Amino acid sequence: MVADPPRDSKGLAAAEPTANGGLALASIEDQGAAAGGYCGSRDQVRRCLRANLLVLLTVVAVVAGVALGLGVSGAGGALALGPERLSAFVFPGELLLRLLRMIILPLVVCSLIGGAASLDPGALGRLGAWALLFFLVTTLLASALGVGLALALQPGAASAAINASVGAAGSAENAPSKEVLDSFLDLARNIFPSNLVSAAFRSYSTTYEERNITGTRVKVPVGQEVEGMNILGLVVFAIVFGVALRKLGPEGELLIRFFNSFNEATMVLVSWIMWYAPVGIMFLVAGKIVEMEDVGLLFARLGKYILCCLLGHAIHGLLVLPLIYFLFTRKNPYRFLWGIVTPLATAFGTSSSSATLPLMMKCVEENNGVAKHISRFILPIGATVNMDGAALFQCVAAVFIAQLSQQSLDFVKIITILVTATASSVGAAGIPAGGVLTLAIILEAVNLPVDHISLILAVDWLVDRSCTVLNVEGDALGAGLLQNYVDRTESRSTEPELIQVKSELPLDPLPVPTEEGNPLLKHYRGPAGDATVASEKESVM
């Protein structure tokens with residue numbers, strides 16, 4: 001038995017001579033920690049699990065949903081789910097979708113108004129230009145990757161087998177087609193909504209009617225409002241409205257504070273919804289698998305096409321986008337991706353970029369250190385215009401259908417597919433059944449038959465989820481790149497350009513008490529840290 005070293009009155013071990021003649025003091029607590037290293041590591045594991053509990057629950061929910069769906073669909077008999085029982089089975093997932101969609105409108109409008117009002121017009125223009133450039137370049141890269149993979153893997157080479165098995169369904173279920181010009185005109189119309197209230201739940205879309213004009217049947221375009229939020233129009237209005245509030249100067253500060261407070265309250269709701277997300281995701285994934293009649297046969301027939309899409313999404317999401325992030329920031333991109341695992345899993349479960357937006361904002365701000373005025377300005381724009389996954393999938397599908405129809409694609413047609421996929425993916429968020437309708441636009445642009453889109457619809461439930469994951473990953477990495485740009489700009493300048501730096505005395509008509517926690521106030525504490533010495537109000541001029 002080893003005797004304890006002598007201790008002083010403060011619990012420190014007696015001083016022992018060191019090799020250089022000095023004295024070393026070791027506390028009893030340090031010795032206990034060294035002796036109980038196993039307990040310390042166990043505490044570290046416990047803290048790590050507690051910190052990443054939501055991430056682990058979300059990933060487990062996806063795996064459990066796949067297992068549950070395969071188990072229920074394979075059991076049959078008494079466990080077979082008809083349409084009425086299936087709707088009850090997926091009800092927890094439906095609740096999650098409804099909760100997330102409830103948050104989208106106030107979150108997008110308030111965050112964009114507050115973000116646009118917090119930046120001077122020059123900084124706003126620079127941030128917007130860099131964001132759009134990043135989104136455009138990555139979408140073009142995704143489109144090129146999709147075309148290259150489809151030409152290399154030849155997913156539509158086995159045309160005879162696929163046509164024999166599902167050719168009848170393809171001829172019976174034609175997807176709605178739209179002229180390319182009308183599609184881009186609809187995009188422009190949705191940018192400028194005629195009614196902001198109806199834009200919250202309706203968007204403009206052109207349909208066609210056959211009319212008898214001078215004895216001939218003519219297809220006439222007819223505009224109508226269809227179900228689906230016009231998020232593109234709301235984004236444009238919110239940005240312009242935020243700039244207008246900034247131009248008002250002191251008169252607009254009260255309204256800016258209102259939108260900032262509204263946005264903070266919305267984020268509190270998001271933090272509550274996040275803990276229900278794993279339950280909803282599990283039942284959404286399981287319900288979609290149960291809904292498919294024969295998953296194994298479907299993969300056997302279209303496995304090469306599915307492989308091409310998923311492989312393209314994996315290459316773009318795990319190699320291309322992280323490489324771009326690393327080249328510009330010199331930071332580990334995979335550490336950044338670990339911080340957004342929860343919204344990525346939510347994107348897979350909900351298959352909606354907009355529904356994932358609240359969780360993505362919270363995670364990039366809290367886990368990856370992106371400033372609020374950047375994340376809440378860039379992420380809503382990215383959810384609207386950045387569709388890397390959709391562009392890649394549409395290019396693969398277009399080449400797949402061309403191979404299926406035994407039509408060759410020359411250089412001009414390939415360039416047309418790339419440009420059309422990049423441009424049409426911008427408006428996909430504002431179009432009901434977005435991905436499939438924009439695919440019809442691409443097929444029309446290169447004179448390919450649209451009747452084979454039914455094959456794409458058969459596996460869209462899986463490919464679309466992969467598209468959504470890639471879309472939201474691109475949004476988050478774009479926000480991280482812009483945060484790095486802002487940090488470098490501020491480090492070069494004594495007066496940061498991208499935040500308000502102009503100070504003025506508080507206005508007498510609108511005194512703001514410090515207890516309100518106003519984001520437009522900066523509080524400074526004295527040397528003792530016991531009282532506020534001065535406060536500045538950041539000008540919105």
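From the backbone N, Cα and C atoms, a Cβ is placed for every residue, glycine too.
N471 (Na(+) 1 binding site) carries a helical DSSP state (H, G or I). Residues annotated as Na(+) 1 binding site in Swiss-Prot, with similarity to another entry given as evidence: G382, N386, N471, D475.
Positions annotated as Na(+) 2 binding site by Swiss-Prot: T384. In the three-state DSSP classification, T384 (Na(+) 2 binding site) falls within a helix.
The feature N-linked glycosylation site is assigned by Swiss-Prot to N163 (among others), with sequence analysis given as support.
The C-beta environment of N212 (N-linked glycosylation site), restricted to residues of the same chain at least 6 apart in sequence and closer than 8 Å, consists of V218. Swiss-Prot lists N212 (among others) with the feature N-linked glycosylation site, giving experimental evidence as the kind of evidence.
The feature N-acetylmethionine is assigned by Swiss-Prot to M1.
The phosphoserine annotation in Swiss-Prot covers S493 (among others) and is backed by a large-scale study or a structure entry.
According to Swiss-Prot, the phosphothreonine annotation covers T494.
Under the heading phosphoserine, Swiss-Prot lists S503 (among others), citing a large-scale study or a structure entry as support.
The feature phosphoserine is assigned by Swiss-Prot to S535 (among others), with a large-scale study or a structure entry given as support.
Feature annotation from Swiss-Prot assigns phosphoserine to S539 (among others); the stated evidence is a large-scale study or a structure entry.
According to Swiss-Prot, the feature region 'Disordered' maps to 511-541.
Predicted-model confidence for the topological domain 'Cytoplasmic' (1-51) is 51, expressed as mean pLDDT. Under the heading topological domain 'Cytoplasmic', Swiss-Prot lists 1-51 (among others).
If you look up Swiss-Prot, you'll see 117-130 (among others) marked as topological domain 'Cytoplasmic', on the strength of a curator's inference.
Here Swiss-Prot flags 249-257 (among others) as topological domain 'Cytoplasmic', drawing on a curator's inference.
Away from its own ends, the topological domain 'Cytoplasmic' (329-333) comes close to residues 321-323, 477, 480-481, 484 of its chain (Cβ-Cβ under 8 Å, at least six residues beyond either end). What Swiss-Prot lists as topological domain 'Cytoplasmic' is 329-333 (among others), and the listing cites a curator's inference.
Feature annotation from Swiss-Prot assigns topological domain 'Cytoplasmic' to 365-373 (among others); the stated evidence is a curator's inference. Helix, strand and coil counts under DSSP for the topological domain 'Cytoplasmic' (365-373) come to 4 helix, 0 strand, 5 coil.
Residues in the topological domain 'Cytoplasmic' (117-130) partition by DSSP class (helix H, G, I; strand E, B; coil) as 11 helix, 0 strand, 3 coil. Using the rule of three or more Cβ pairs under 8 Å, pairs at least 6 apart in sequence, the transmembrane segment (95-116) is in contact with the transmembrane segment (374-400).
Counting Cβ pairs under 8 Å that are 6 or more residues apart, the transmembrane segment (225-248) and the transmembrane segment (374-400) reach 3 or more and are in contact. Cβ crowding, taken as the number of other Cβ atoms within 10 Å, peaks at N386 among the binding-site residues N386, N471. The CA atom of N471 (Na(+) 1 binding site) is located 10 Å away from the CA atom of T384 (Na(+) 2 binding site). Long-range contacts of the transmembrane segment (52-81) within the same chain: residues 89, 274-275, 277-279, 281-290, 292, 295, 341-342, 345-346, 348-349, each at least 6 residues beyond the stretch ends and with a Cβ under 8 Å from a Cβ of the stretch.
You'll find the Cα of T384 (Na(+) 2 binding site) roughly 10 Å from the Cα of D475 (Na(+) 1 binding site).
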